[in-house]
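I have a structure here, written as structure tokens, and I will follow up with some questions on it.
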Amino acid sequence: MTEFFADIAPVRYEGPDSANPLAFRHYDPDEMVMGKRMEDHLRFAVAYWHSFAWEGGDPFGGQTLIRPWHPQDDMTRAKVKADAAFEMFDILGVPYFCWHDADIRPEAATFAESLRNFEEIIDHFLAKMESRRTRLLWGTANMFSHRRWMAGASTNPDPDVFAYAAATVKTCLDATQRMGGQNYVLWGGREGYETLLNTDMGRELDHMGRFLSMVVDYKHKIGFKGAILVEPKPQEPSKHQYDFDAATCIGFLRKYGLEGEVKLNLEQGHAILAGHSFEHEIAVAASEGMLGSIDMNRNDYQSGWDTDQFPNNVPEVALCYYHILRAGGFTTGGTNFDAKLRRQSLDATDLIAAHVGGMDICARGLKAAAAMIEDGGLETALRDRYAGWDSDHGQGILESDLDSLFARVLAGEIDPQPHSGRQEMLENHVNRFV
């Protein structure tokens with residue numbers, strides 16, 4: 001056991017009246033919600049990169065977090081970091097975690113040496129998992145931090161970088177399968193451009209489509225049963241990223257014939273950067289049958305930055321889970337806390353408290369969403385609003401043509417009168433539950 005979490009006891013559910021800052025007030029994993037355990041609805045995961053690899057730096061300052069596994073440049077400390085991570089998983093009782101390859105192993109001088117480090121730490125993970133319940137929700141490759149990726153991975157103008165990216169994803173998908181991961185995620189932080197002056201957009205998109213097809217082909221070759229997910233984000237670190245939002249990704253997947261093979265991993269902060277609400281992105285993906293998993297966090301609404309803070313807004317979270325539940329809930333996906341401490345939150349207890357708070361907020365949101373579904377008021381309002389389309393009259397309009405509809409309108413047979421959308425009443429209805 002490491003010393004980092006030595007004085008912190010496992011977090012327990014103590015109910016809403018508890019004053020214990022390291023206790024769950026709302027998250028009871030065994031509580032039944034719509035006939036299913038709360039844990040099985042939410043499927044919480046810890047993000048290895050923010051919780052264990054991030055050192056507290058920002059664009060104006062360096063490291064603020066001092067950990068026993070720093071500096072992160074050798075395998076001995078990588079294993080110390082892994083040991084601490086699994087201790088935190090035990091303390092929180094989370095069923096899943098997620099990683100990038102660069103989070104868990106030090107970068108070496110060659111690809112082969114980095115791969116040896118990677119495989120060694122995967123072996124270490126598997127040994128830890130033998131006596132624990134925490135499993136891998138998804139793995140992914142970091143193809144945005146190292147300078148080789150500065151002009152992209154699959155969209156790079158250098159074909160050798162494309163090949164290096166392919167080799168990297170192969171190793172990460174292999175490791176994800178070894179660990180029993182339920183998904184594999186691709187996020188293209190550098191798959192975009194800084195300026196169109198040196199960018200052949202059509203070629204880059206074709207290369208990105210070909211790359212994703214190669215990933216899908218390899219998934220089937222090795223028999224990986226999990227889902228392949230892509231994660232939208234409009235910008236940061238690139239000026240413009242090709243996977244701008246859910247709708248853009250869906251159009252991309254359809255263009256390259258991948259809509260039956262790939263789903264979406266959606267993040268709250270990325271939705272905000274794209275000018276959307278999180279429930280908008282979830283609803284878009286769900287409407288196309290492409291909702292895979294979510295990264296739960298929040299942004300700073302004043303600065304506009306992608307600050308990756310832990311969630312604390314119950315009404316927002318409730319509406320997210322409302323759309324997830326309406327879509328049937330998660331299958332292979334879950335709720336990954338893609339969130340990090342503030343750079344002044346230095347202690348191990350801060351890391352635990354942040355996750356406890358986030359898990360409680362999600363539990364409250366889930367219960368509110370379930371209550372709204374069971375109440376049925378929103379569904380009734382929706383059904384009434386579109387009832388005209390379910391009538392013979394509405395179906396006849398859909399099956400008609402422009403000339404026929406023109407004639408009916410001209411004859412005065414059709415003279416529409418507006419109806420109230422009742423937005424304020426519906427907002428008040430939601431407020432009864434949150």
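Note: Cβ is positioned from N, Cα and C throughout, glycine not excepted.
A quick note: this is a predicted structure, and the numbers were derived from the prediction, not measured.
Summarising the annotation, Swiss-Prot assigns active site to HIS100, ASP103. For GLU231, GLU267, ASP295, ASP338, the entry in Swiss-Prot reads Mg(2+) 1 binding site, with the evidence type sequence analysis. Residues or ranges marked as Mg(2+) 2 binding site in Swiss-Prot: GLU267, HIS270, ASP306, ASP308.
Are these features on the surface or tucked inside, and what touches them?
Cβ contacts within 10 Å of HIS100 (active site), excluding its own Cβ and spanning all protein chains shown: 21.
Sequence-distant neighbours of ASP103 (active site) (same chain, 6+ apart, CB under 8 A from its CB) are TYR48, TRP49, PHE52, ALA53, ASN142.
All chains included, 26 other C-beta atoms sit within 10 angstroms of the C-beta of GLU267 (Mg(2+) 1 binding site).
GLU267 (Mg(2+) 1 binding site) carries a strand DSSP state (E or B).
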Taking every protein chain shown into account, which of the binding-site residues ASP295, ASP308 has the largest tally of Cβ atoms within 10 Å of its Cβ?
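That would be ASP295, with the most Cβ atoms nearby.
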Across all chains shown, how many C-beta atoms besides its own are within 10 angstroms of the C-beta of HIS270 (Mg(2+) 2 binding site)?
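Neighbour count, Cβ to Cβ under the 10 Å cut-off: 29.
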I'm trying to understand the geometry here, so how far is the Cα atom of GLU231 (Mg(2+) 1 binding site) from the Cα atom of HIS270 (Mg(2+) 2 binding site), in Å to the nearest whole number?
9
Enter the number of other CB atoms within 10 angstroms of the CB of ASP306 (Mg(2+) 2 binding site).
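Step by step: centre on the Cβ of ASP306 (Mg(2+) 2 binding site), count other Cβ atoms within 10 Å, giving 19.
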What are the non-local neighbours of ASP338 (Mg(2+) 1 binding site), defined as same-chain residues 6+ apart in sequence with CB under 8 A from its CB?
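Correct list: ALA47, HIS50, GLU267, GLY269, ASP295, MET296, ASN297, ASP308.
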